[in-house]
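S.K.: Would you mind keeping the following structure in view while I ask a few things?
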Ligand code: ANZ
């Protein structure tokens, strides 16, 4: 082997660092480009090839943009607080601060080994006080605006992890981390009012260049429903209650009412004979998770003994309780229309409750489709849309109901009974007074403790550190108070980190106004789709709050978003320690070099698809890179590239390759870019061409993929300065048009074969070529065509009379 990849990797990493080649500079007059990767959780298991595959796309784009004259910001840091780091610490028995810092060291080393063009002068870590000071600062902005509040809420409690979890951290009733069962219990928690931003979070999705499926997933999570809030009177009582419905048009089809078992009115209206059954049912429901309640298992419920009065007809309607009605959606009570709602139908069938048709259309009930209103007084004959309009107008005029919009989105559960997180900058004083810690007392430092294990009771570990809990600052005129002992969730620090990179050493503010105006929004954000309804939504929320505070001038953080697929193990399964199919990044770097890994993860397939690691595949890509280097230097280190001009065919192919790679990088189609370079290299060998004229542009377009090798060959060929900063090669449009084309030949309109001819070939040349094609000559059987229809470069149709 002529080139020792470990040597050249180190050589060029040192040169890049010395030249500060990848440091972003706000004083630059170039246009800016902000390319961001989702930062990793620093875990003890180190980085595997999947991580490399995640960070290569934005690195290619960053290098490409630099070569195209952009002032590029491409930073990296660590999402260092939170459950993963803490779980790892608990497993190993070593303090999370120690394990986290150690993991960061190892991550940094690996990332540097792979030659990612990060601006290392901007590295951040969310668990460091000079970072989380500003996380606390932003929390206080939310607090001041009434967007952070405490509430006794039913939460997702995970007994195994001994903490509460946010909705997006629970999947099918199990914790996302570890797959432990999660139950619902009431607890006093910090909440962030993301629901206040539901409409903007929904609407502004139209303004970002994100994958459609990701936008759709956020839309569904936000879950906007338009309908009505209708008031019902309880028979014989002063009490009224409201329901939320998206189908006010079906009001005449109501045959029973259902309240969530937790509805505050249930115990007031239940009749004595039903009381025991109702109480039992409420107790049974309290043990069920929300997921179970939403599942389509057999419906259960109990009659309360009480009745409601129909707001228009005055009819008596039974009030039931059932767990399929959830307390925290709408009003926690529904009007049930079994004729036109499947769940109500199932319930009515089981409990022998009458079913009424009010929409004509489908044969069988329940009929949930659109049709014509029947049995509905003033609505009869109307379509659904018109009936909804008319009913809403009627309800509003009679003060029986109101138009209403509901969102599925819930407020963000923002506290954890854990140690490894940001402390809340909030203090409780006697008599229920609560105060924010004054800005000059920030950061509220996370105390160093020996015992950071969570307790079984749900009490936070910080509660045991009595000295820390006792607050003696200036928040309330010097009065002693009690600190909040919960900590913030992992997603706190990651909800604004993209804003800290733009001004990471600012000691007076989270970032300067100038830097925000200049760098934001992020032009390209690359990360996994699993963060769609968590981090990606939370970040948008915080950005909008900061916008409302006047701290930022953009209200969307990420202009363009791209997801990378997962790299699976060689067995086609998700890489995991337990399966033993993890390919550690550094192992493969040692055997194949980091350029080969970077290029291979691009070559494996389309960016957003999951792809299985292939040991023979990486060998093939390594051979390709070796072949590139042998065009410039032979195995003895002798220089073999030449200054002789390249033949025309090669010159044309070089221009075509530059065009193809340029366009493929722009559209993030990296696999086809690598194929195009492979085709060129094969052709160079075929033609025995080692002309610098051909090799220089090849090396330049290869540079974003295999940056170390590219620099080395660039230098050997006498290239000026760093290849990484050299202007991107241009192609000549005149040289990239295809001169030969393949067109179809038809005889009497039927396709009989294809010919390869000059794009501007004459009709007679085309016909002559067509006659050589076996499928065509067989049909012509020696005859000449009576008529020829020829569109140069497109199609040839020969007409023969039969
Ligand atoms: C009457 C009705 C008739 C309904 C009909 C549907 C069809 P989305 O689209 O999800 O917003 N609902 C309201 N609050 C509920 C709660 N807390 N728990 C369970 N179900 C609830 O669905 C709105 C519909 O879900 C509402 O419209 C209500 O049932 C039910 F032919 O009211 B509907």
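Here the Cβ of each residue, glycine as well, is placed from N, Cα and C on the backbone.
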S.K.: For the record in TrEMBL, which of the ranges 574-578, 579-583, 584-588 is the motif ''KMSKS' region' one?
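M.R.: That would be 574-578, per the motif ''KMSKS' region' entry in TrEMBL.
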S.K.: Give the one range among 219-395, 408-613, 650-763 whose Cβ atoms make the most pairs under 8 Å with those of the domain 'Methionyl/Leucyl tRNA synthetase' (39-170).
M.R.: 408-613
S.K.: Based on DSSP, tally up the residues of the domain 'Methionyl/Valyl/Leucyl/Isoleucyl-tRNA synthetase anticodon-binding' (650-763) by helix, strand and coil.
M.R.: 62 helix, 18 strand, 34 coil
S.K.: Based on DSSP, tally up the residues of the domain 'Methionyl/Leucyl tRNA synthetase' (39-170) by helix, strand and coil.
M.R.: 69 helix, 23 strand, 40 coil
S.K.: Using Cβ atoms only, which residues of the same chain lie under 8 Å from residue 577 (ATP binding site) while being at least 6 residues apart in sequence?
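M.R.: Within the chain, residue 577 (ATP binding site) has Cβ neighbours under 8 Å at 45.
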S.K.: With DSSP as the yardstick, break the motif ''KMSKS' region' (574-578) down into helix, strand and coil residue counts.
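M.R.: Output for the motif ''KMSKS' region' (574-578) reads 0 helix, 1 strand, 4 coil.
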